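Just below is one structure, and these are the notes that go with it.
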Amino acid sequence: MTPRNHLVKQPNLSSIATVDIGNTQTSIAIFEGDELKEFERFSSKNLESKSALPDFCQKCQSLVGSAPLIAMSSVVPNVASALKTMFHQQFSEKPIFEITYQTKLPFHIRYQTPETLGNDRLALCAAACERFPNQAVMIIDFGTAITYDVLNSKHEYLGGLILAGTSLSARALNEHTAQLPAIGLQKESGIIGRNTRDCLSKGLFWGTVAQTEGLILKLKSELAEEHGEPEVKVLITGGNSVTLAGAMPHIDIRDEFAIHKGIRFIAALNTNR
């Protein structure tokens, strides 16, 4: 059975350290109220192998500082376990709050398997609720995977989509063909490539743009026809969003710190901070 969450008013927020553990990157942000004061990124792979833990510990000592609470979202259990152990050792006086689908959220979950819903997606939906009260919102995260999450204007979570991210797509072409080179996502102007590397680069960029724009329109159409939502805001985030945003006219806002804002918001709902 889907847990019953409750719509709540925006809470009072105080100083807080937020930690987002993603498949590729782990990041820490420090907020004072709703203002972002500090931000730092680390490699999740290095943290999982523990090679970067000493540097991470040192950075945390100065970053977390006087923040009275550490709030976490994770999609990598091994890294989350290692960091929680480190936080307990280094900041024994600070409570650690970890987001799950069972925590109090600023939206209702209407999802068949809420236990499989990534904590990062929960945080992004919380950020969208705070940014767009009483409005239907579509959140697109261009990370290791590209995720789409949809909230109606009653802030009920309806579901979404999961696709391979640009790095995974590019790596698959390189690893599963004999002659195609490895490439990364970069902004492109013209569409027609004049050499193989150019074709790959333009294909990756414009293919992602066309896919995203097409899905936005299809999702908006379904929301209007089946859910009575003619007006839908579109928020994008994630590492590749800065490269893609300018080529997509149906985007309303790009917020690279959305997940941390959502972690902060959920933690505040659950800790009265």
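Keep in mind that glycine also has a Cβ here, set from the backbone N, Cα and C atoms.
From the candidate list Thr144, Thr147, Thr166, Thr177, the residue TrEMBL records in the ATP site shared with Asp20, Ile21, Gly22, Asn23, Thr24, Gln25, Thr26, Ser27 is Thr144. For the pair Thr24 (ATP binding site) and Asp141 (K(+) binding site), the C-alpha distance works out to 13 angstrom. Taking the centre of the Cβ atoms of Asp20, Ile21, Gly22, Asn23, Thr24, Gln25, Thr26, Ser27, Thr144 as the ATP site, the nearby residues of that chain (Cβ within 8 Å, site residues left out) are Ser44, Val75, Val76, Gly143.
Within 10 Å of the C-beta of Asp20 (ATP binding site) we count 25 further C-beta atoms, all protein chains included.
Look at Asn119 (substrate binding site): DSSP puts it in a helix.
The least crowded of the binding-site residues Thr24, Thr26, Thr144, Thr196, judged by other CB atoms within 10 A of its own CB, is Thr196. Using a 10 Å Cα-Cα cut-off around Asp120 (substrate binding site), the binding-site residues Asp20, Thr26, Thr144 reduce to Asp20.
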